[in-house]
Each structure stands twice: as structure tokens, then as C-alpha cells.
Amino acid sequence: MELSRMLKFPSAHAFSEARCRRTMATPGRFVPLMPPSRIALSDRKSCYKPLANGTHLLKAVQTQHQTQIQHEAAKPVISKKNDVLWRFLRPFAFYAGSIQFFCVLARRLVDNPQTFKSLNWTICIKILAVLTSLVCTYFFTSGVNQISDIETDKINKPDLPLSSGELSIESAWAIVMSFLAVSLLAAGALSSMSFLASIFCLLLVGGVYSIPPFRTKASTVGAPITIALMKGFVDFFAIFAGAGVVLGLPFQMSLPMVYMSIFTTIFCLANGILKDISDIEGDIKNNIPTLATIIGARKTLIIGTGIHILNHFGCVLAAIIRPEAIKCSIVIPVHIISALFLLSQVWKIHSVNYESVQSRKLYSSLWLVYVVQYILLPFV
């Protein structure tokens, strides 16, 4: 009886009652089942007598229910195995990189309106080649980072394919080296030394960040600086050079482009510092000396937030000083809203005692702010 009650299955007496009510129908004619309240008292007592096979029937129902639970539990595993490659590639890099490229391309068109006359169908091929090279570069750096982080990801991000064991290291290396080759081939096919050099530098910095013996991500100071170079300075110049290749323009930056390159570099530096907060548990267990493991999550959050606020303030100041080159009506409100949004997210982390899940949400939401800045670039 206790087992029936715990699993919320009908008891043997309930099966007996149901059987008793079914037998009240005469052979050859259907008689509606009577509710238990209308059954005579003597019949009720006889119905509550346990059947000889009641226990076997209960066990059969329980076995069927357990089989159904196991079948349902197996479904998510199957769906996960179907998207192992997609989760390994971290598709956010694909979305963000594509948006960044088209926004810089639009800005270069705004700065050089004469190029509209020379647009033709061959530009589509060039755009495809530039995007292929950029995206494959992002996939390479992200994949190499996961390969080098298997032990820490088992603690910090156990759902990733490598840390969960769904993807082998050998397969992962084969994938990332394929992306490396495609990236360089696509960049070389465009016959632009500036774009090829920037892609090579982006690959190099991404490898230095993750691969021993360099592995700057294990350095307290080297990690945020490398992230600033990789995702800010070098990445921006690769995108800028790619847009120039598509439009046939020289490598010459306007003031809005200089403003954007400085903002992205400082932004990625601050994000590289804040990133360590969400990974602090795994870094401590694997003896990785990040800023968060040395001075603590609270002080790291203050430093990273301070750099972000100064970055937004600097952009507002640049718009005030050079209003003829940078539109105050767009830059000032956007950066003020971004700064207030950052402070609200920081307060949430503080209120939950620097929980890693909330810290990871902050890191992800700030990259959305980063993408928004690119979207506004053509209008600045």
C-alpha cells in the first residue's frame, strides 16, 4: 500500500472495485456502470476484498510506467547527439560576426557614397568569401578554446560536447583544423594582403590565447589583454579590411571607425575581466590564476564594471567634442542606456552573491550590447 501511495498508482482495492462494477453488467446487454455511491453496502464490502491477481496487475502498471519514463528520458539525449557539432561551434560567433561585417560594410558605403555606382553581382561572391573566412576563423578560435578547457568546462559548462564526452578530442581537432584551412584559403582567394594579414593575426591571437605553451588565458593579466586584441582590435580590423575588399576601397579609416575600434577594444578588455567571475569555481579547482581567483569575485566585478563605465563615458565625451563627425543624438543616449543596463545587471549579481549562472548571464547580455553598437554604426 505504501508503494502504491508513493507512486500515485491505484491500489489493489481500487482495481477490485473497478472489476466488481464491471461484473454488474449482464451478458449480451450493456448496462451503464454504477458509481460507487449507488452500490449497496454489502456489494461495497465484497468489492474491497483484494483480488488474487491484484498485485500482479499493479506490478504490470508500475513496470509500464517506468518504461515510459525511461523512454521519455532518452529523448533529450537523442536530440542532443544530433546537434553536437552545432553546440561545439557556438553559433553566436556566426550571428555576431555576420552582423558586425554587414554593419561595417554599410558604414563604409556611407563614408564612400561613390562606390554605389560600381556595385555589381561580383560583390556577392566577395561577401561570401569574406564571411566564410571570418566565420571559420571564429569557429577555429572557439573550438581550440573548448579543447584546451575540457577539465574546467566539466565544472563550469558540463553541457558542452567535449566536457560531456559527446565529442572526442580527435574529432574536435579535425574540425578546427578544417576551419583553419578554409579560413586561410577563402582569405587568400580575395588577393588582399591587408585582409589575409588580419585573418592570420586573428588566428594567431586565438591560438596563443588557448594553446600551450603560450596559453595566455591562464595568465592573470594576459587573458583580458588577449581577449581585447582578439575580439576587439584585431577582429575589428579584419572586418574593416574585409569590407574594403568587397567595395574595392583602400585601408583608410574615418573618425567613426576610429571611435568604434577604440570602443570595441576597451569593451572586450572589460568583458575579458568579467568573464572570469562565472568560471571561478572551475579555475580554482584547476589552479588557473585568473583575476577573480586572486582578488575575488566582488573586486573583479568592480574593476570590470568600472572599465565599462569609463568606456561609455569616453564615447559620450567624444560625441560632445566632435559633434560634426559623431552624432550626439544617437551616441549619447545609447551609451547612457547601456551604462544603466550594465549597472542593473551588476546589482543582480551582487544580490545573488555572485552566483556563476547570473554572472554568465551578465557576460552574454553584454555581448548583445556590443552587437547593438555595431548595428548603430552606420547611423553614427
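Every residue, even glycine, has its Cβ placed from backbone N, Cα and C.
Away from its own ends, the transmembrane segment (88-107) comes close to residues 127, 130-131, 134-135, 138-139, 142-143, 146, 160-162, 167, 172, 175, 235-236, 239-240, 242-243, 246-247, 256-257, 367, 370-371, 374-375, 377-378, 380 of its chain (Cβ-Cβ under 8 Å, at least six residues beyond either end). The transmembrane segment annotation in TrEMBL covers 88-107 (among others).
Per TrEMBL, the feature transmembrane segment maps to 119-140 (among others).
Under the heading transmembrane segment, TrEMBL lists 167-187 (among others). Among residues of the same chain six or more beyond the transmembrane segment (167-187), those with a C-beta under 8 A of the stretch's C-beta atoms are 84-85, 88, 129-130, 132-134, 136-137, 139-140, 143-144, 146-147, 150, 161, 195-196, 199-200, 203.
For 193-211 (among others), the entry in TrEMBL reads transmembrane segment.
Taken from TrEMBL, the feature transmembrane segment covers 232-251 (among others).
Listed as Cβ neighbours of the transmembrane segment (257-274) (distance under 8 Å, sequence separation of 6 or more from its ends, same chain) are residues 104, 107, 111, 223-233, 235-237, 240, 291, 300-301, 303-305, 307-308, 310-311, 314-315, 318, 326, 359, 362-363, 366-367, 370, 373-374, 377, 380. The transmembrane segment annotation in TrEMBL covers 257-274 (among others).
The annotation transmembrane segment is assigned in TrEMBL to 330-350 (among others). Long-range contacts of the transmembrane segment (330-350) within the same chain: residues 277, 298, 301, 305, 308-309, 312-313, 315-316, 318-320, 358-359, 361-362, 365-366, 369, 372-373, 376, 379-380, each at least 6 residues beyond the stretch ends and with a Cβ under 8 Å from a Cβ of the stretch.
According to TrEMBL, the feature transmembrane segment maps to 362-379 (among others).
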State the residues, same chain only, that lie 6 or more residues beyond the ends of the transmembrane segment (193-211) and have a CB under 8 A from a CB inside it; answer 'none' if no residue qualifies.
130, 133-134, 137, 140-141, 144-145, 147-149, 180, 183-184, 187, 217, 223, 226-227, 229-230, 234-235, 237-238, 241-242, 244-245, 251
